[in-house]
Amino acid sequence: MPFSESVADAPSAVEAGYALSTRNVRIYLAYRVLTLAIIDRAIFVIFLMHKGFDAYQIGILQGVFFLANIVTEVPAGMFGDAFGRKRSVLLGLVAYCAYALGVIASDGFVPFVCLYALLGVALALVYGSDTALLYDSLVVDGRVAHFNRVQLRANALGLISGAFAVLAGGLLQKVSWNAVYAAYFAIYAAALGAWCLAIEPPEASAELSAGRKDVTKELFAFIRGHWRSVALPILGFTVFAACTTPFFTFSQALFKENGFSVEHITWFFFAAQMLIGFVYLVMQRTMSFLGFYPVVLASTLLTAIVLAAMFFNVAAVDFTGFFLVMIINPIVTVVANEYFNKRLPSRIRASFLSLIGLCMSLTIAVMYFLYSYLAQYLAIYKVMASTSLIAACACAIFVVARCVDTKEQA
């Protein structure tokens, strides 16, 4: 090809990369706005209580969800790397839709065990593959530095939409529980339609055709070569997630036990999600000043203090703790996402993020079973207060990880 022709073609390649990344960013924003509009977020525990399940059975259902996620997390990530991140997310969204229909049609504990297992598979299929596709799209356009900004904007918009979805869930519950899950189905069906318009980045497509059987080998080779720089941060992040995730679930039961109505509880979650959305919007401008270790160390320490204070069962402390943990958790997630994505080659990105998801699911499943066991003997607020020890462990792990990282850089 003559030099003049290659120069002439260059702008079109740049424009094509910009068009692809812009399209996928817009689709990702729409996808997050829809999938974060979790209409049963503030009331699904109350729904399970309505179905006749006690705290022990609810804990078992959550444990089944995370165990199913554990079993399928890494295979799902490898599926995304080998056959396409877009395809993996599409299958996950189909599974979410099937879950909603199953909830409407099912009754009894055993069917719900199966539905929560399906929900775990759905999460495995979308987790990692969605952000991997976004990251690779920005790589094509040379805008990797915008990854955090896009994620923060998507999460901010999604949490605001989620806040209104929480209110809608409370209103629909007055009509019927089936109306709540019919709306759940409609939201995920819309997300499925939006994601169908996404385009697999060309580099990722080329890698798929180059060799699908090498993903496992490359993944474990990367882990062997970089385990010190990633193992401790992953452990700290997963232990922190194990502390905070059950907190969100059982806070509904805490409010219910304190005599609050479904309507009041939905307003609490609405206010919390609106506040988180505002925090995300502020973080878009301050993200460049936030380092991984300062954020995670401060967050885990503050969470440990807040949870320990809940032992006194003072309403003001419980509310303050609820809002603080609701804000802290997504901030840590965004900062951790950037930290891990920067260290991962594109070829194994979805697989490695799924491996992190596997570790998270394993620790969270253990915590749910622990919650359900302790809930048989202790009041909910005492169970929550006891998890401050887990947050303190996460903080200690990050301290050690920071020391190791400092020594390696020296």
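Every residue gets a Cβ built from N, Cα and C, even glycine.
What TrEMBL lists as transmembrane segment is 29-49 (among others).
The transmembrane segment annotation in TrEMBL covers 55-76 (among others).
Residues or ranges marked as transmembrane segment in TrEMBL: 88-109 (among others).
Sequence-remote contacts of a segment are chain residues at least 6 beyond its ends whose Cβ falls under 8 Å from one of its Cβ atoms, and for the transmembrane segment (115-135) they are 24-25, 28, 31, 35, 61-62, 64-73, 75-77, 79-81, 85-86, 88-89, 91-93, 95-96, 98-99, 102-103, 106, 144, 147, 150-151, 198, 200-201, 204, 337, 341, 346, 349-354, 356-357, 361. Residues or ranges marked as transmembrane segment by TrEMBL: 115-135 (among others).
What TrEMBL lists as transmembrane segment is 156-173 (among others).
The transmembrane segment annotation in TrEMBL covers 179-199 (among others).
Residues 42-46, 49, 55, 58, 62, 223, 265, 292, 296, 299-300, 303, 307, 322, 325-326, 328-329, 332, 336, 339-340, 343, 356, 359-360, 362-364, 366-368, 371, 375, 380, 383-384, 387, 390-391, 393-395, 397-398, 400-401, 404 of the same chain, all 6+ positions outside the transmembrane segment (230-253), place their C-beta atoms under 8 angstroms from a C-beta of that stretch. The transmembrane segment annotation in TrEMBL covers 230-253 (among others).
The transmembrane segment feature in TrEMBL is assigned to 265-283 (among others).
Among the features that TrEMBL reports, transmembrane segment is placed at 290-313 (among others). Beyond the ends of the transmembrane segment (290-313), by six or more residues, the same chain brings 233, 236-237, 240, 243-244, 247, 283, 320-321, 324-325, 328, 331-332, 335-336, 338-339, 379, 381-382, 384-385, 387-389, 391-392, 394-395, 398-399, 401-402, 405 to within a C-beta distance below 8 angstroms of the stretch.
Annotation source TrEMBL lists transmembrane segment at 319-340 (among others).
TrEMBL lists 352-371 (among others) with the feature transmembrane segment.
The transmembrane segment annotation in TrEMBL covers 383-404 (among others).
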Should anything in the same chain at least six residues away from the transmembrane segment (352-371) have a Cβ under 8 Å from its Cβ atoms, list it; otherwise answer none.
59-60, 62-63, 65-67, 69-70, 73-74, 76-78, 80, 120, 123-124, 127-129, 131-132, 219, 222-223, 234-235, 237-239, 241-243, 245-246, 249-250, 340-341, 344, 383, 387, 390
Determine whether the transmembrane segment (319-340) and the transmembrane segment (265-283) share at least three Cβ pairs under 8 Å, counting only pairs 6 or more apart in sequence.
yes
Feature contact check the transmembrane segment (88-109) with the transmembrane segment (265-283), CB under 8 Å, 3 or more pairs:
no
